[in-house]
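Undergrad: Structure below; questions to follow.
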Amino acid sequence: MNAEKVNTQAGKIILAPMEGVVDATMRHLITKLGGVDLCVTEFIRITGYVLPEKEFLKSAPELARQGKTPAGIPVVVQLLGSEPELLAMNAISAAKMGAPAIDLNFGCPSKTVNKHRGGAVLLDEPALIHQIVKAVREAVPDNIPVTAKMRLGNLDKSLAVDNAVAIQEAGANSLAVHARTKVEGYKPPAHWEWIGRIKESVDLHVVANGEVWNCEDYQRCKELSGCDDVMIGRGLIARPELGLMIKSYQLGQSGDGAAWPQVVLLLLEYFSFVEQKLPPKYVHGRIKQWLHMMRPQREEAEKLFFSVKTINDLSDLRACLEREL
Ligand SMILES: Cc1cc2nc3c(=O)[nH]c(=O)nc-3n(C[C@H](O)[C@H](O)[C@H](O)COP(=O)(O)O)c2cc1C
C-alpha cells in the first residue's frame with residue numbers, strides 16, 4: 001500500500017477508536033452497513049515490553065485477515081505509550097502482522113493512563129511527542145503510514161500548533177485532531193475552527209474529529225476545519241448508518257436514516273456476536289450500552305432503553321428487542 005494514497009483520498013469517513021465500545025464486532029457491523037472508509041482499533045497500551053502476537057490479536061483480530069474487516073475496510077492499529085523505542089518495537093511487530101497503518105494516541109484523558117505519562121498529558125511535551133513519532137516512523141517500513149491522533153491540548157490550547165508541527169516534522173503521514181482539550185472532555189462544542197488553525201500551520205494531511213452527529217454537523221465541521229476527511233465516534237454508534245447518510249447527502253440526495261426495525265436487526269446481530277464472545281453475565285450490559293448510546297438520536301431507542309433497563313435475563317432481553325420488529 002502506498003502511504004500517499006492512503007492518506008490523501010478526499011472525503012473519507014473514519015470510524016473513531018473507542019475503547020470499550022468500538023471492538024472488532026462493532027467495526028464489522030458498522031463497516032458492513034457501509035459508508036465508512038477506515039477504522040482505528042481501541043488503544044493498545046504499551047508499557048515495558050513488546051507485546052506477543054496474541055495481545056495484538058485481542059484488540060485487532062483483523063490482523064489475522066490482512067488488517068481488514070470482513071467488509072474489506074482497513075483497520076489501523078493504535079498504540080498508546082510514552083517510550084519512543086518501545087513504541088517503535090511494538091509498531092514493528094504490528095506492521096509485521098499486517099497492520100495497514102500505525103496510529104499513535106496523544107489524546108486519551110484517562111487518569112490512570114495520564115498518571116503513567118500516556119495519552120493527553122503528552123500534549124504538554126511537544127518534544128517527546130516528536131521523539132515518539134520519529135522513532136515509530138523510522139522503525140516502520142516506508143509503505144506503512146504512521147498517523148497520530150491528538151486533542152487540542154491537555155489543560156489549554158496553547159501548544160496545539162506546536163504539537164501538530166512536532167508531529168509533522170517527525171514524519172507522520174496524517175494527523176487526526178479531536179477539537180477539544182483534555183479538560184474540555186466531551187463537552188460540546190468541539191472547536192472545529194481550531195482544527196482549521198492547525199491545518200493552516202502544517203503541511204500535513206489533517207482529519208477533523210469531534211461532535212459530528214448528522215449530515216449538517218459533518219458539513220459545518222468540514223467548512224470550519226477545512227478538512228476533507230472526518231473521523232466520527234459517538235455519532236456512528238448512535239446512528240450506525242451515518243456514514244451512508246453522509247455519502248448520499250454529499251451526492252445531493254436526502255441522507256435519510258435507517259428505519260427502526262433495521263436498527264433493531266443490527267442490535268440483534270450484535271447480541272448474537274456478543275453472546276459468542278463474552279460470558280453470559282456481561283452480555284446484557286453491552287447490548288444496553290449500545291442502545292443507551294443511540295438514545296440521543298432516536299426516540300425509539302430512548303423508549304426501548306427504558307423498557308429493558310432492568311432486564312438481565314438474556315432470553316427476555318432478546319424477546320423485547322424482537323417485539324420491535
Ligand atoms: C468511550 C470512548 C472511548 C474512547 N477510546 C478512544 C481510544 O481508544 N483511542 C482514541 O484515540 N480515542 C478514543 N476516544 C475518543 C474518540 O476517538 C473521539 O476522539 C471522541 O469521541 C470525539 O469524537 P466524537 O464526538 O465523534 O465521538 C474515545 C471516546 C469515547 C467516548
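Backbone N, Cα and C atoms are what each Cβ position is placed from, and that goes for glycine too.
Curation plays no part in TrEMBL annotations; they are all automatic predictions.
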Undergrad: If TrEMBL says Q78, K149, N209, G210, E211, G233, R234 bind FMN, which of H28, H116, H178 does it name for the same site?
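TA: FMN site check in TrEMBL: besides Q78, K149, N209, G210, E211, G233, R234, the record includes H178 out of H28, H116, H178.
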Undergrad: Can you give me the Cα-Cα distance between Q78 (FMN binding site) and R45 (site 'Interacts with tRNA') in Å, rounded to a whole number?
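TA: About 9 Å separates the two Cα atoms.
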Undergrad: Taking the Cβ of N105 (site 'Interacts with tRNA') as centre, how many other Cβ atoms lie within 10 Å?
TA: 25
Undergrad: Where the criterion is a Cβ under 6 Å from an atom of ligand 1, which of the recorded sites R45, R286, K288, K309 meet it?
TA: none
Undergrad: Identify, in sequence order, the residues in the chain of K288 (site 'Interacts with tRNA') that are 6 or more apart from it along the sequence and have a CB within less than 8 Å of its CB; answer 'none' if there are none.
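TA: Correct list: F305, V308, K309.
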Undergrad: Looking only at C-alpha atoms, tell me how far R234 (FMN binding site) is from C108 (active site, proton donor), rounded to the nearest Å.
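TA: Each residue's Cα considered, R234 (FMN binding site) and C108 (active site, proton donor) end up 15 Å apart.
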Undergrad: Of K149, R234, R286, K309, which of the recorded positions has the most Cβ neighbours inside 10 Å?
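TA: When each Cβ's neighbours within 10 Å are tallied, K149 tops the list.
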